[in-house]
Amino acid sequence: MLPNSFSFSESDPVDKILIQAVGGKRISQEEALLLYEEGDFLKIQMVARHLREKIRPHTQASYTMFRVVNYTNYCNVECNFCSFMDEIGNGKGYILSLDEILEKMDYAVEMGADQLFLQGGVYPDIEYQYYKDVISGVKKRFPDMHIRAFSPVEIINLETITGRPLKDVLQELKSIGLDSVPGAGAEILTERMRQIISPKKASVEEWVRAMETCHEVGLPGSANIVFGSEETKKEVIDHLQVIRDLQDRTGGFLSFIPWTFQPQTKRFKVRPVPTHEYLKVLGISRIFLDNISHIETSVMVLGKGVGQLALYSGADDISSVVIEENVLRSFGLKTEKEAHKFLSEGGFEPVRRDLLYQERYSGAPAV
Ligand code: SF4
């Protein structure tokens, strides 16, 4: 049934798509594009919100508590938007030792985190043993810590430096403690946009192969899109199609996260994405990705105001509190209490979940 009495007409082609989506019909790529080009934002928002309620009651929104640790900022991929990497050989970058990583995790655990999100640049000189030592070392110190690590471009690097089949490498990492993988580094999954944004990064085929192999060996994760550059609307929908097709084959994506490019990059064109367009893409993601349960919004990147609107536009989760020793300028929520306050003020009961989307608890924060 259509949500409340908002006027939808069967004779309007765009309304008809939304009516059918509410009825459970999968929308096509062409229909998604029509929604993006001509759809009424408020109607898309309303339908996306209606579909969100099949996953989580509209009175609730979830969050999680992980610590991001970037083990190195040396990288040879040179994405045109990256303000994090240091060129290999310039001597100014860092590689964290296991002890340094454990020290960061001690602090994170004190702050209430129970999950590690480990990512870094691509540095082929780091030996495979380092990755194994880090995973097993963290697991040994924190046996209940969920470890999510390595984006597709790092995974492909592991395949290259070991010279072993990707499946073997992933199975080994899983056996020593890797629990899931971020589907990061997708940006826009079309070859044209990858040439503009990050020509040396994993191709669409490589990105899909890495994620598919992860899912096959039992390492689930998330997927994202980063838009607000020179991409066309069709390329946004093409990206969603790549994700939906892969999810049909594996079922390994637990969530999808739409982001926008940040304005700091000067190396390709970044346009400010109006709030209603961000929310429209988020809503279309909820409608189109009928095989992915959770849609996350990034309060850290988009701010609290947009974050709250997103929770009324199809998102059911705000991802993680930002746990850092020295918090840089960020819109993020820095403690669990702040997350609770933010969600409660937006009219939601906060629900803490883990990286597998299992509910930890609702009610007052533990820390
Ligand atoms: S792969 Fe990651 S660290 Fe390397 S340049 Fe790209 S975004 Fe930066």
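Yeah, the Cβs are placed from backbone N, Cα and C, and that goes for glycine too.
Remember, TrEMBL labels are computer predictions, not curated facts.
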Name the one residue among Ser175, Ser320, Ser344 that TrEMBL lists for the same (3R)-3-methyl-D-ornithine site as Ser151, Ser298.
Ser320
When the Cα of Phe81 (S-adenosyl-L-methionine binding site) is compared with the Cα of each of the binding-site residues Cys75, Ser151, Ser298, Ser320, which one is closest?
Cys75
Binding-site residues close to ligand 1 - of Phe81, Ser151, Glu187, Ser298, Ser320, only those whose C-beta is under 6 Å away:
none
I'm trying to understand the geometry here, so how far is the Cα atom of Ser151 ((3R)-3-methyl-D-ornithine binding site) from the Cα atom of Cys82 ([4Fe-4S] cluster binding site), in Å to the nearest whole number?
15
C-beta crowding around Ser320 ((3R)-3-methyl-D-ornithine binding site), within 10 angstroms:
23
List nothing but the largest Cα to Cα distance in Å, as a whole number, among the residues Ser151, Ser298, Ser320 that the record says bind (3R)-3-methyl-D-ornithine.
18
